[in-house]
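**Student:** Would you mind keeping the following structure in view while I ask a few things?
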Amino acid sequence: MMSASRLAGTLIPAMAFLSCVRPESWEPCVEVVPNITYQCMELNFYKIPDNLPFSTKNLDLSFNPLRHLGSYSFFSFPELQVLDLSRCEIQTIEDGAYQSLSHLSTLILTGNPIQSLALGAFSGLSSLQKLVAVETNLASLENFPIGHLKTLKELNVAHNLIQSFKLPEYFSNLTNLEHLDLSSNKIQSIYCTDLRVLHQMPLLNLSLDLSLNPMNFIQPGAFKEIRLHKLTLRNNFDSLNVMKTCIQGLAGLEVHRLVLGEFRNEGNLEKFDKSALEGLCNLTIEEFRLAYLDYYLDDIIDLFNCLTNVSSFSLVSVTIERVKDFSYNFGWQHLELVNCKFGQFPTLKLKSLKRLTFTSNKGGNAFSEVDLPSLEFLDLSRNGLSFKGCCSQSDFGTTSLKYLDLSFNGVITMSSNFLGLEQLEHLDFQHSNLKQMSEFSVFLSLRNLIYLDISHTHTRVAFNGIFNGLSSLEVLKMAGNSFQENFLPDIFTELRNLTFLDLSQCQLEQLSPTAFNSLSSLQVLNMSHNNFFSLDTFPYKCLNSLQVLDYSLNHIMTSKKQELQHFPSSLAFLNLTQNDFACTCEHQSFLQWIKDQRQLLVEVERMECATPSDKQGMPVLSLNITCQMNKTIIGVSVLSVLVVSVVAVLVYKFYFHLMLLAGCIKYGRGENIYDAFVIYSSQDEDWVRNELVKNLEEGVPPFQLCLHYRDFIPGVAIAANIIHEGFHKSRKVIVVVSQHFIQSRWCIFEYEIAQTWQFLSSRAGIIFIVLQKVEKTLLRQQVELYRLLSRNTYLEWEDSVLGRHIFWRRLRKALLDGKSWNPEGTVGTGCNWQEATSI
């Protein structure tokens, strides 16, 4: 065991070394964008890391115990644009702490308990546009040294200890300031002197947020002749009287957008009535919003008498018990009613209204007709509304409508094809229940429509003309619907300008080969979440602009036989993830294609095998499938193929020989009808008729010869007659050899069959007659015949008295060999049937 002294001698130097190593070198920052963006959050840094590149532009150092920022703390990052120092326990910021950051546009100091802030703490920030100093113990704007930040657009000092709303004189230098957030401070009163700087140097684009300050007094005239872009006062008043008094104190203010109300679950008011907003009559307001008043408002129309001339009116999360007609007295151009509670759907008659947003409301589920002649934008989504008939000009009281959103509602019965609404460009029905969609061309009149969403609308497409008329459509979303027999027909023939098509979750199993032929402009096609079992590329051959094709979450095992040559060259992204790939030898070419196209495929590393079971879950890219059969199986297979091939060749070559063999077996024991079958050339037929037949059949004893012109059966193949009538029914074969014989294919064929016949019958049955001398060069062309004539006895015809006598005596003797006397004799035939027939 190591002694204590030796152990101490080892540990002390190691600890000394570790104490010299900077913590920032132990835990490196996360490189989000190389050389640009680094996240160093919660790495226990006590100082600014210096091991990051000078080119860093975005740096997150939040939740590190930096505590102190000295001069030039960030000199190593001259290109820095965004710096997050949230909750770094910073207590002291010295002069010139950010001196080298001339490009910094955003500085976040949220949650730092700053106690010492030098006058030059923010010097050098010549490009700063956004400063967030939330929860920094800031007690006053007067001592906040930012007067030189002339580029500043947004100042957020919410959740601090500021008690006075007095804007310091240096605000006159902040000419670009657009947003000042003073919410959640301690401001209770606003006096005329607090806003003197805004009288001297008006900030016309300034948005001021004073929410969550416990205000109880605004001096009348404090905001007189002051112009603001936006003023937000939410959760500021603890009673109705205080609210009324403070709103009256805003008299003379000219504001583009005024937001009043409370926050969800943070209400201070016990009651609310129309008197609270009477002071608004003394303000000039362009847009008004009232949010989160959890009270039952009864006479809402009288409540907003002072707001009849605003251009935009908005109610968010307000409960309205009873609504009179929104009549023509209101000059609103935009009306927004969001997440409100109504007793019934309000009756709207507003001649100047151009935009109506009525979403996520409760109560009044039945839509009633409205009269809005100038309406161009209508959002009725997420209300659970039901429409007994939709859609036409009479439903909305306008012919100017361009945008219509009826998504996330109840049952909508399509009873009209948008008559009077021909100007529509955007139409959304998603997640509503559409009825009668496939009974007629619903969209026939919408030739200006650009966007259509009928996703998840319980639509079953059974009518090919469902999209007729949509000649300008560019985006079509119809996910989550169904098709008759799960087959996609040719329903897009008129959508020649379509660029985006979503057919996901439609239970599709097959599609027409010409379904997309007219979509030459299509760029994105989503076919995911369907039931395709193979990747059929043929339907996409005409999509010359296609860039993205999503086939994920299907049941694709392989591609169809036409391979994958039909994918357009423009395709950049193909998603085949989460399919049922069959990783077997049968589909090896498809699996290899996946590997070859990894640059085209999206998340190719997520493509996994589904079958066989031993490869389930294995990435297709890492698959090394071996498609080699057992050598024995290969050998047997090759040998079998060779044997079959040889047998087939032999059968083809010796077909007639086999026929002869079969005949021998069949007629082997039968009687011979003919004494001889005569093989001769048709050119020698005169000699056969006048000499051979006359002398043998009319002589003593008579012999019966088989001759083709006389004894062959009509209608039977020549070869069959030769074999069955000639060889099988004859004792002998007479071969009449001449120059014509040697040059005849049929004669040579008969001669070869005769040799086989002689071999099978086991007797010397061939008698050769050389009718005329044949040139040896010609005879040698038939090797076997030449050999037989050289080795065997044959008869030679001589046209003389003695020669004739000897010839016929020898021939009769040869024919009598093996013949029992029969006065009826035997017969024979000739060879060149084709030659004879053609003559």
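Cβ coordinates come from backbone N, Cα and C, glycine included.
Note that this is a predicted model, so its numbers are computed, not measured.
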**Student:** The disulfide recorded in Swiss-Prot for CYS306 goes to which of CYS281, CYS340?
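**Tutor:** Looking through CYS281, CYS340, the record in Swiss-Prot gives CYS281 as the partner of CYS306.
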**Student:** Quick test of the contact rule: Cβ under 8 Å, at least six residues beyond the ends. What residues does that give for the repeat 'LRR 6' (176-199)?
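**Tutor:** For the repeat 'LRR 6' (176-199), the nonlocal Cβ contacts are 129, 150-169, 205-219, 221-223, 225-226, 229, 232, 249.
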**Student:** Using Cβ atoms and a strict cutoff of less than 8 Å, what residues sit near the repeat 'LRR 7' (205-225) while being 6 or more residues removed from its termini?
**Tutor:** 158, 165, 177-192, 194-195, 198-199, 231-238, 242, 245-246, 248-254, 257, 263
**Student:** Helix, strand, coil residue numbers for the domain 'TIR' (672-815) per DSSP?
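**Tutor:** Secondary-structure breakdown of the domain 'TIR' (672-815): 79 helix, 23 strand, 42 coil.
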**Student:** Would you kindly list the residues that approach the repeat 'LRR 13' (423-444) from elsewhere in its chain, counting only those six or more residues past its ends and only Cβ-Cβ distances under 8 Å?
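**Tutor:** Distant Cβ neighbours of the repeat 'LRR 13' (423-444) are 381, 399-415, 417, 450-463, 465-470, 477.
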